[in-house]
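Engineer: The structure that follows is given in the form of C-alpha coordinates.
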Amino acid sequence: MTEMCHKIIMGLHNFLKEYIHGFWDYETPKVMVVKNRTLGVIYRGVQFLVITYFIWYVFISQKAYQESETRPESSVYTLMKGSAIHGDEILDTVEYARPSEGGDVISTILRREFTFNQRQGTCAEHFNVADANCTTDSDCVEGEVNFSGHGRRTGRCVQYYNHTFKTCEIQSWCPIEEYAVVREPPLEEAINFTVFIRNSIHFPKFKVLRGNIKDARNKRDSKRYLNKCHYDEERDPYCPIFRLGYIAAQARENFSELCNTGGVIGVFINWKCNLDLDPSHCKPTYSFRRLDLRKDLPDAGYYYRFAKYYSKDGEETRTLIKAYGIRLDIIVHGHAGKFSPIPTIISTVTAMTSVGICTIICDWIMLTFIDKNEVYSERKFDEVTKEPTNPIPTELSYINSFGSNHSDLSDGVPL
(Lines of atoms letter the chains of each structure in order from A and count residues from 1; the text may use other names and numbers.)
(Lines give C-alpha, C1' and ligand atoms only; values in the text may rest on other atoms or scores of the structure.)
Protein backbone atom coordinates (compact mmCIF):
# COMPACT_ATOMS: atom_id res chain seq x y z
CA MET A 1 0.00 0.00 0.00
CA THR A 2 2.84 2.38 0.90
CA GLU A 3 4.61 1.63 -2.42
CA MET A 4 1.41 2.29 -4.37
CA CYS A 5 0.89 5.63 -2.64
CA HIS A 6 4.52 6.54 -3.39
CA LYS A 7 4.02 5.79 -7.11
CA ILE A 8 0.83 7.90 -7.21
CA ILE A 9 2.58 10.81 -5.53
CA MET A 10 5.59 10.56 -7.88
CA GLY A 11 3.30 10.35 -10.93
CA LEU A 12 1.38 13.40 -9.78
CA HIS A 13 4.67 15.20 -9.10
CA ASN A 14 5.98 14.45 -12.62
CA PHE A 15 2.69 15.55 -14.19
CA LEU A 16 2.70 18.87 -12.37
CA LYS A 17 6.37 19.39 -13.20
CA GLU A 18 5.82 18.81 -16.93
CA TYR A 19 2.71 20.99 -16.91
CA ILE A 20 4.49 23.90 -15.20
CA HIS A 21 7.49 23.65 -17.54
CA GLY A 22 5.22 23.38 -20.60
CA PHE A 23 3.15 26.34 -19.45
CA TRP A 24 6.05 28.66 -20.27
CA ASP A 25 6.56 27.25 -23.77
CA TYR A 26 5.92 29.54 -26.73
CA GLU A 27 4.07 28.33 -29.82
CA THR A 28 4.41 30.00 -33.20
CA PRO A 29 2.80 29.08 -36.55
CA LYS A 30 5.00 27.24 -38.99
CA VAL A 31 4.88 27.99 -42.73
CA MET A 32 4.88 24.79 -44.76
CA VAL A 33 4.30 24.76 -48.51
CA VAL A 34 2.52 21.56 -49.58
CA LYS A 35 2.61 21.06 -53.34
CA ASN A 36 -0.46 18.86 -53.61
CA ARG A 37 -2.90 19.78 -56.38
CA THR A 38 -5.96 18.23 -54.68
CA LEU A 39 -5.33 20.02 -51.40
CA GLY A 40 -4.67 23.29 -53.22
CA VAL A 41 -7.96 23.09 -55.12
CA ILE A 42 -9.84 22.41 -51.89
CA TYR A 43 -8.09 25.32 -50.14
CA ARG A 44 -8.86 27.86 -52.87
CA GLY A 45 -12.41 26.52 -53.26
CA VAL A 46 -13.18 26.93 -49.57
CA GLN A 47 -11.62 30.39 -49.64
CA PHE A 48 -13.85 31.36 -52.57
CA LEU A 49 -17.00 30.07 -50.85
CA VAL A 50 -16.24 31.85 -47.56
CA ILE A 51 -15.46 35.16 -49.25
CA THR A 52 -18.53 34.91 -51.52
CA TYR A 53 -20.77 34.13 -48.54
CA PHE A 54 -19.57 37.15 -46.61
CA ILE A 55 -19.87 39.49 -49.56
CA TRP A 56 -23.41 38.34 -50.37
CA TYR A 57 -24.89 37.66 -46.91
CA VAL A 58 -23.12 40.18 -44.71
CA PHE A 59 -22.72 43.11 -47.07
CA ILE A 60 -25.53 42.70 -49.62
CA SER A 61 -28.31 40.82 -47.81
CA GLN A 62 -27.82 42.02 -44.21
CA LYS A 63 -26.18 45.33 -45.11
CA ALA A 64 -23.76 44.98 -42.21
CA TYR A 65 -21.97 48.14 -43.32
CA GLN A 66 -24.95 50.21 -42.12
CA GLU A 67 -25.89 51.67 -38.79
CA SER A 68 -29.51 50.65 -38.14
CA GLU A 69 -32.57 51.72 -36.17
CA THR A 70 -35.33 49.21 -35.39
CA ARG A 71 -37.54 51.12 -32.92
CA PRO A 72 -39.09 54.01 -34.81
CA GLU A 73 -41.86 56.30 -33.58
CA SER A 74 -45.15 55.61 -35.30
CA SER A 75 -48.74 56.88 -35.34
CA VAL A 76 -51.83 55.30 -36.93
CA TYR A 77 -55.18 56.85 -37.82
CA THR A 78 -58.04 54.75 -39.22
CA LEU A 79 -61.40 55.64 -40.72
CA MET A 80 -64.06 53.26 -42.04
CA LYS A 81 -66.47 54.25 -44.81
CA GLY A 82 -69.44 52.69 -46.55
CA SER A 83 -73.19 52.31 -46.28
CA ALA A 84 -75.49 49.30 -46.62
CA ILE A 85 -79.20 48.53 -46.91
CA HIS A 86 -80.23 46.00 -44.28
CA GLY A 87 -83.92 45.25 -44.57
CA ASP A 88 -85.66 48.61 -44.18
CA GLU A 89 -82.62 50.16 -42.48
CA ILE A 90 -79.81 52.19 -43.98
CA LEU A 91 -76.65 51.50 -42.00
CA ASP A 92 -73.86 54.06 -41.98
CA THR A 93 -70.54 54.42 -40.19
CA VAL A 94 -72.12 55.32 -36.86
CA GLU A 95 -74.11 52.07 -36.86
CA TYR A 96 -71.43 49.53 -37.67
CA ALA A 97 -67.95 51.04 -37.02
CA ARG A 98 -66.42 50.90 -33.52
CA PRO A 99 -65.04 53.51 -33.16
CA SER A 100 -66.09 55.45 -36.27
CA GLU A 101 -62.66 57.12 -36.24
CA GLY A 102 -60.01 55.03 -34.54
CA GLY A 103 -56.33 54.52 -33.90
CA ASP A 104 -54.48 51.28 -34.40
CA VAL A 105 -57.62 49.18 -33.72
CA ILE A 106 -60.95 49.46 -35.54
CA SER A 107 -63.85 47.03 -35.92
CA THR A 108 -66.98 46.70 -37.99
CA ILE A 109 -70.22 44.89 -37.17
CA LEU A 110 -71.14 42.15 -39.64
CA ARG A 111 -74.01 40.41 -37.79
CA ARG A 112 -76.21 41.26 -34.81
CA GLU A 113 -78.32 39.34 -32.30
CA PHE A 114 -81.02 41.30 -30.40
CA THR A 115 -82.72 40.68 -27.08
CA PHE A 116 -85.55 43.21 -26.96
CA ASN A 117 -87.39 44.75 -24.03
CA GLN A 118 -85.19 43.56 -21.18
CA ARG A 119 -86.16 44.90 -17.76
CA GLN A 120 -84.89 44.48 -14.22
CA GLY A 121 -86.90 41.68 -12.61
CA THR A 122 -87.00 37.96 -11.93
CA CYS A 123 -87.05 35.12 -14.43
CA ALA A 124 -85.84 31.55 -14.92
CA GLU A 125 -82.10 30.90 -15.27
CA HIS A 126 -80.88 29.19 -18.45
CA PHE A 127 -80.78 25.41 -18.17
CA ASN A 128 -77.16 25.15 -19.40
CA VAL A 129 -75.87 27.04 -16.35
CA ALA A 130 -74.33 24.74 -13.74
CA ASP A 131 -76.76 23.62 -10.99
CA ALA A 132 -79.58 25.68 -12.52
CA ASN A 133 -81.97 22.76 -13.08
CA CYS A 134 -84.22 22.01 -10.12
CA THR A 135 -87.36 20.24 -8.95
CA THR A 136 -88.04 22.00 -5.63
CA ASP A 137 -87.12 25.29 -3.98
CA SER A 138 -84.60 23.49 -1.80
CA ASP A 139 -82.43 22.93 -4.88
CA CYS A 140 -81.90 26.69 -5.21
CA VAL A 141 -79.81 28.62 -2.66
CA GLU A 142 -81.11 32.15 -2.07
CA GLY A 143 -78.51 34.87 -2.74
CA GLU A 144 -76.14 32.53 -4.58
CA VAL A 145 -74.43 34.01 -7.64
CA ASN A 146 -73.07 31.79 -10.40
CA PHE A 147 -70.63 33.88 -12.42
CA SER A 148 -71.25 31.81 -15.55
CA GLY A 149 -74.95 32.58 -15.22
CA HIS A 150 -77.07 35.71 -15.52
CA GLY A 151 -77.84 36.92 -12.01
CA ARG A 152 -78.51 36.28 -8.29
CA ARG A 153 -80.77 33.39 -7.28
CA THR A 154 -83.95 34.11 -5.33
CA GLY A 155 -84.28 30.63 -3.80
CA ARG A 156 -87.33 29.66 -5.84
CA CYS A 157 -87.64 26.87 -8.42
CA VAL A 158 -89.84 28.03 -11.32
CA GLN A 159 -90.97 26.81 -14.71
CA TYR A 160 -88.53 27.60 -17.53
CA TYR A 161 -90.73 30.04 -19.50
CA ASN A 162 -93.18 27.99 -21.59
CA HIS A 163 -91.36 24.65 -21.16
CA THR A 164 -92.28 21.81 -18.82
CA PHE A 165 -89.02 21.59 -16.84
CA LYS A 166 -87.90 23.95 -14.10
CA THR A 167 -84.81 26.00 -13.29
CA CYS A 168 -83.81 28.28 -10.43
CA GLU A 169 -85.24 31.79 -10.50
CA ILE A 170 -82.78 34.70 -10.72
CA GLN A 171 -82.86 38.45 -10.33
CA SER A 172 -81.52 39.94 -13.55
CA TRP A 173 -82.33 41.67 -16.84
CA CYS A 174 -85.26 39.60 -18.10
CA PRO A 175 -85.95 37.79 -20.33
CA ILE A 176 -82.46 36.27 -20.57
CA GLU A 177 -80.55 36.45 -23.83
CA GLU A 178 -80.42 32.73 -24.68
CA TYR A 179 -84.22 32.43 -24.52
CA ALA A 180 -85.38 35.63 -26.25
CA VAL A 181 -82.59 36.34 -28.75
CA VAL A 182 -83.50 37.35 -32.31
CA ARG A 183 -80.79 36.78 -34.91
CA GLU A 184 -80.32 39.04 -37.93
CA PRO A 185 -78.92 37.82 -41.24
CA PRO A 186 -75.27 38.81 -41.85
CA LEU A 187 -74.35 42.07 -43.51
CA GLU A 188 -72.85 40.65 -46.73
CA GLU A 189 -72.59 44.13 -48.29
CA ALA A 190 -69.82 44.93 -45.82
CA ILE A 191 -67.41 43.19 -48.20
CA ASN A 192 -67.21 46.53 -50.06
CA PHE A 193 -66.68 48.70 -46.97
CA THR A 194 -63.35 50.52 -47.02
CA VAL A 195 -60.79 51.28 -44.32
CA PHE A 196 -58.53 54.30 -44.62
CA ILE A 197 -55.23 53.68 -42.79
CA ARG A 198 -52.89 56.64 -42.40
CA ASN A 199 -49.51 55.78 -40.95
CA SER A 200 -46.63 58.13 -40.17
CA ILE A 201 -43.25 56.81 -39.08
CA HIS A 202 -40.24 58.67 -37.69
CA PHE A 203 -36.65 57.43 -37.44
CA PRO A 204 -35.20 59.88 -34.88
CA LYS A 205 -31.62 58.63 -35.22
CA PHE A 206 -31.58 59.64 -38.90
CA LYS A 207 -34.17 62.45 -38.59
CA VAL A 208 -36.36 60.95 -41.31
CA LEU A 209 -40.18 61.24 -41.29
CA ARG A 210 -42.24 59.28 -43.81
CA GLY A 211 -45.93 58.59 -44.48
CA ASN A 212 -47.80 55.87 -46.37
CA ILE A 213 -49.80 58.26 -48.58
CA LYS A 214 -48.57 58.82 -52.11
CA ASP A 215 -46.67 62.04 -52.59
CA ALA A 216 -48.62 64.66 -54.54
CA ARG A 217 -47.82 68.10 -55.84
CA ASN A 218 -50.55 69.77 -53.78
CA LYS A 219 -53.42 69.01 -51.40
CA ARG A 220 -56.03 69.03 -54.19
CA ASP A 221 -54.22 66.36 -56.20
CA SER A 222 -53.79 64.23 -53.09
CA LYS A 223 -57.50 64.45 -52.25
CA ARG A 224 -58.49 63.60 -55.83
CA TYR A 225 -56.22 60.56 -55.77
CA LEU A 226 -57.58 59.28 -52.43
CA ASN A 227 -61.20 59.64 -53.60
CA LYS A 228 -60.76 57.11 -56.40
CA CYS A 229 -57.98 54.70 -55.35
CA HIS A 230 -58.12 51.28 -53.67
CA TYR A 231 -55.02 49.46 -52.52
CA ASP A 232 -53.69 46.78 -54.82
CA GLU A 233 -50.21 45.31 -54.46
CA GLU A 234 -49.61 45.37 -58.22
CA ARG A 235 -51.71 48.24 -59.61
CA ASP A 236 -51.85 50.73 -56.74
CA PRO A 237 -49.34 49.89 -53.97
CA TYR A 238 -49.25 53.43 -52.49
CA CYS A 239 -52.97 53.83 -51.81
CA PRO A 240 -53.89 53.65 -48.07
CA ILE A 241 -57.54 52.62 -48.66
CA PHE A 242 -58.38 48.92 -48.30
CA ARG A 243 -61.57 46.99 -49.05
CA LEU A 244 -62.65 44.62 -46.28
CA GLY A 245 -63.09 41.88 -48.88
CA TYR A 246 -59.50 42.37 -50.06
CA ILE A 247 -58.17 42.21 -46.47
CA ALA A 248 -60.08 38.98 -45.77
CA ALA A 249 -58.89 37.41 -49.03
CA GLN A 250 -55.26 38.33 -48.33
CA ALA A 251 -55.57 36.79 -44.87
CA ARG A 252 -56.93 33.62 -46.59
CA GLU A 253 -60.30 33.87 -44.86
CA ASN A 254 -63.80 33.36 -46.22
CA PHE A 255 -65.77 36.58 -45.78
CA SER A 256 -69.12 34.79 -45.39
CA GLU A 257 -67.72 32.72 -42.51
CA LEU A 258 -66.31 35.86 -40.89
CA CYS A 259 -69.80 37.37 -41.02
CA ASN A 260 -71.12 34.50 -38.90
CA THR A 261 -68.33 34.07 -36.36
CA GLY A 262 -66.32 37.29 -36.52
CA GLY A 263 -62.54 37.38 -36.40
CA VAL A 264 -59.43 39.44 -35.65
CA ILE A 265 -57.13 40.24 -38.58
CA GLY A 266 -53.72 41.85 -38.27
CA VAL A 267 -52.72 44.47 -40.84
CA PHE A 268 -48.91 44.58 -40.78
CA ILE A 269 -47.24 47.70 -42.14
CA ASN A 270 -43.57 46.99 -42.77
CA TRP A 271 -41.07 49.79 -43.36
CA LYS A 272 -37.63 48.64 -44.52
CA CYS A 273 -35.69 51.73 -45.54
CA ASN A 274 -32.23 52.01 -47.08
CA LEU A 275 -31.37 55.61 -46.27
CA ASP A 276 -28.22 55.50 -48.41
CA LEU A 277 -30.77 56.26 -51.12
CA ASP A 278 -33.11 59.26 -51.18
CA PRO A 279 -35.80 59.05 -48.43
CA SER A 280 -38.50 59.09 -51.14
CA HIS A 281 -37.57 55.45 -51.82
CA CYS A 282 -38.68 54.54 -48.29
CA LYS A 283 -42.10 52.98 -48.91
CA PRO A 284 -44.22 50.56 -46.82
CA THR A 285 -45.33 47.05 -47.67
CA TYR A 286 -48.45 45.39 -46.27
CA SER A 287 -49.28 41.88 -45.13
CA PHE A 288 -52.42 40.42 -43.57
CA ARG A 289 -52.94 37.51 -41.18
CA ARG A 290 -55.70 36.27 -38.88
CA LEU A 291 -54.69 36.69 -35.24
CA ASP A 292 -57.46 35.05 -33.19
CA LEU A 293 -58.07 31.35 -32.65
CA ARG A 294 -59.19 29.39 -35.67
CA LYS A 295 -62.87 28.95 -36.50
CA ASP A 296 -62.85 25.22 -35.68
CA LEU A 297 -62.33 25.99 -31.96
CA PRO A 298 -65.33 26.63 -29.65
CA ASP A 299 -64.26 30.11 -28.50
CA ALA A 300 -63.09 31.31 -31.92
CA GLY A 301 -64.24 34.52 -33.55
CA TYR A 302 -64.78 38.08 -32.39
CA TYR A 303 -67.90 39.53 -30.79
CA TYR A 304 -68.95 41.94 -28.06
CA ARG A 305 -72.16 43.13 -26.39
CA PHE A 306 -73.64 46.56 -25.86
CA ALA A 307 -77.10 47.88 -24.97
CA LYS A 308 -79.43 50.68 -25.99
CA TYR A 309 -81.44 52.02 -23.06
CA TYR A 310 -84.84 53.72 -23.17
CA SER A 311 -87.91 54.23 -21.04
CA LYS A 312 -91.07 52.20 -21.68
CA ASP A 313 -94.22 52.67 -19.59
CA GLY A 314 -92.13 54.66 -17.14
CA GLU A 315 -89.71 51.78 -16.57
CA GLU A 316 -86.08 51.55 -17.64
CA THR A 317 -85.80 49.13 -20.55
CA ARG A 318 -82.98 48.09 -22.80
CA THR A 319 -82.25 46.24 -26.02
CA LEU A 320 -79.20 43.99 -25.65
CA ILE A 321 -77.14 43.62 -28.84
CA LYS A 322 -74.52 40.93 -29.41
CA ALA A 323 -72.37 42.04 -32.35
CA TYR A 324 -70.14 39.81 -34.45
CA GLY A 325 -67.58 41.53 -36.63
CA ILE A 326 -64.08 41.96 -37.96
CA ARG A 327 -61.52 43.70 -35.78
CA LEU A 328 -58.45 45.09 -37.52
CA ASP A 329 -55.24 45.45 -35.49
CA ILE A 330 -52.77 47.74 -37.26
CA ILE A 331 -49.23 46.64 -36.38
CA VAL A 332 -46.26 48.69 -37.59
CA HIS A 333 -42.69 47.39 -37.96
CA GLY A 334 -39.83 49.66 -39.00
CA HIS A 335 -36.16 49.21 -39.86
CA ALA A 336 -33.85 51.83 -41.33
CA GLY A 337 -30.16 51.64 -42.15
CA LYS A 338 -27.49 54.07 -43.30
CA PHE A 339 -23.77 53.71 -44.07
CA SER A 340 -21.45 54.09 -41.10
CA PRO A 341 -17.66 53.45 -40.98
CA ILE A 342 -17.69 51.65 -37.61
CA PRO A 343 -19.95 48.68 -38.56
CA THR A 344 -18.16 48.57 -41.93
CA ILE A 345 -14.77 48.10 -40.25
CA ILE A 346 -16.14 45.52 -37.79
CA SER A 347 -17.80 43.49 -40.55
CA THR A 348 -14.70 43.62 -42.77
CA VAL A 349 -12.39 42.43 -39.97
CA THR A 350 -14.85 39.64 -39.14
CA ALA A 351 -14.93 38.54 -42.77
CA MET A 352 -11.12 38.53 -43.05
CA THR A 353 -10.77 36.60 -39.80
CA SER A 354 -13.26 33.98 -40.92
CA VAL A 355 -11.09 33.14 -43.92
CA GLY A 356 -8.83 31.35 -41.41
CA ILE A 357 -11.33 28.50 -41.35
CA CYS A 358 -9.93 27.45 -44.73
CA THR A 359 -6.56 26.57 -43.15
CA ILE A 360 -8.22 24.55 -40.36
CA ILE A 361 -10.27 22.51 -42.87
CA CYS A 362 -7.28 21.83 -45.14
CA ASP A 363 -4.98 20.89 -42.23
CA TRP A 364 -7.58 18.38 -41.07
CA ILE A 365 -7.92 16.90 -44.58
CA MET A 366 -4.13 16.77 -45.01
CA LEU A 367 -3.39 15.09 -41.67
CA THR A 368 -6.41 12.75 -41.74
CA PHE A 369 -6.77 11.57 -45.34
CA ILE A 370 -3.55 12.43 -47.23
CA ASP A 371 -0.77 12.00 -44.65
CA LYS A 372 -0.72 8.17 -44.66
CA ASN A 373 3.05 7.89 -44.00
CA GLU A 374 3.14 10.80 -41.51
CA VAL A 375 5.41 12.76 -43.83
CA TYR A 376 3.42 15.98 -43.35
CA SER A 377 2.94 15.62 -39.61
CA GLU A 378 6.69 15.24 -39.08
CA ARG A 379 7.23 18.61 -40.75
CA LYS A 380 4.11 20.20 -39.32
CA PHE A 381 5.09 19.96 -35.65
CA ASP A 382 8.64 20.69 -34.42
CA GLU A 383 10.12 21.21 -30.98
CA VAL A 384 12.96 23.75 -30.88
CA THR A 385 15.24 24.12 -27.84
CA LYS A 386 17.97 26.60 -27.14
CA GLU A 387 20.73 24.05 -27.82
CA PRO A 388 19.34 21.40 -30.18
CA THR A 389 21.26 18.12 -30.15
CA ASN A 390 20.20 17.30 -33.73
CA PRO A 391 20.25 20.45 -35.89
CA ILE A 392 17.50 20.57 -38.49
CA PRO A 393 18.93 19.81 -41.96
CA THR A 394 19.07 22.99 -44.00
CA GLU A 395 17.81 21.17 -47.10
CA LEU A 396 14.53 20.37 -45.33
CA SER A 397 13.81 23.55 -43.36
CA TYR A 398 15.02 27.08 -43.04
CA ILE A 399 14.11 30.23 -41.20
CA ASN A 400 12.37 32.58 -43.63
CA SER A 401 12.66 36.34 -43.65
CA PHE A 402 9.73 36.62 -41.23
CA GLY A 403 11.33 34.38 -38.63
CA SER A 404 9.01 31.39 -39.30
CA ASN A 405 10.21 27.83 -39.80
CA HIS A 406 9.41 27.12 -43.48
CA SER A 407 9.30 23.74 -45.21
CA ASP A 408 8.55 22.91 -48.83
CA LEU A 409 6.97 19.52 -49.53
CA SER A 410 5.85 18.07 -52.81
CA ASP A 411 3.25 15.27 -52.45
CA GLY A 412 4.87 14.09 -49.24
CA VAL A 413 8.48 13.95 -50.56
CA PRO A 414 11.07 16.41 -49.14
CA LEU A 415 12.64 18.64 -51.79
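Positions of Cβ are set from backbone N, Cα and C atoms, glycine also.
Where the annotation comes from TrEMBL, it is an automatic prediction and has not been curated.
Okay, these came from TrEMBL:
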- Thr194, Lys322: ATP binding site (BINDING)
- Cys123-Cys174: disulfide bond (DISULFID)
- Cys134-Cys157: disulfide bond (DISULFID)
- Cys140-Cys168: disulfide bond (DISULFID)
- Cys229-Cys239: disulfide bond (DISULFID)
- Cys273-Cys282: disulfide bond (DISULFID)
- Asn192: N-linked glycosylation site (CARBOHYD)
- 41-59: transmembrane segment (TRANSMEM)
Engineer: 10 Å Cβ neighbour count around Cys229 (disulfide bond)?
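Structural biologist: That number is 15.
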Engineer: Out of Cys140, Asn192, Thr194, which of these recorded positions is nearest Cys157 (disulfide bond) by C-alpha distance?
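Structural biologist: Checked the recorded positions Cys140, Asn192, Thr194; minimum Cα distance to Cys157 (disulfide bond) goes to Cys140.
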Engineer: State the non-local partners of the transmembrane segment (41-59) in its own chain: residues 6+ outside its ends, Cβ under 8 Å from one of its Cβ atoms.
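Structural biologist: Sequence-distant neighbours of the transmembrane segment (41-59): 65, 347, 350-351, 354-355, 357-359, 361-362, 365.
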Engineer: Rounded to the nearest angstrom, how far is the Cα of Cys239 (disulfide bond) from the Cα of Cys174 (disulfide bond)?
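Structural biologist: Computed Cα spacing between Cys174 (disulfide bond) and Cys239 (disulfide bond) is 49 Å.
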Engineer: So how many other Cβ atoms are close to Cys123 (disulfide bond), meaning within 10 Å of its Cβ?
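Structural biologist: Its Cβ shell of radius 10 Å holds 23 other Cβ atoms.
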Engineer: Cα within 10 Å of Cys168 (disulfide bond) is the criterion; apply it to the recorded positions Asn192, Cys282, Lys322 and give the hits in sequence order.
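Structural biologist: Among Asn192, Cys282, Lys322, not one has a Cα sitting within 10 Å of that of Cys168 (disulfide bond).
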Engineer: Have a look around Cys239 (disulfide bond) and count the other CB atoms within 10 A of its CB, chains all included.
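Structural biologist: If we count other Cβ atoms within 10 Å of Cys239 (disulfide bond), we arrive at 18.
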Engineer: Within 10 Å of Cys140 (disulfide bond), Cα to Cα, which of the recorded positions Cys134, Asn192, Thr194, Cys229, Cys282, Lys322 are there?
Structural biologist: Cys134
Engineer: What is the nearest of the recorded positions Cys229, Cys239, Cys273, Lys322 to Asn192 (N-linked glycosylation site), using the Cα of each?
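Structural biologist: Sorting the recorded positions by distance from Asn192 (N-linked glycosylation site), the top entry is Cys229.
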Engineer: Nearest by CA distance to Cys282 (disulfide bond): which of the recorded positions is it, out of Thr194, Cys229, Cys239, Lys322?
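Structural biologist: Out of the listed candidates, the nearest Cα belongs to Cys239.
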Engineer: Write down the Cα-Cα distance for Cys229 (disulfide bond) and Lys322 (ATP binding site), rounded and given in Å.
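Structural biologist: Distance (Cα to Cα, whole Å): 34 Å.
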Engineer: For Cys134 (disulfide bond), which of the listed recorded positions (Cys123, Thr194, Cys229, Cys273) have their CA atom within 10 A of its CA?
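Structural biologist: Within 10 Å of Cys134 (disulfide bond): none of them.
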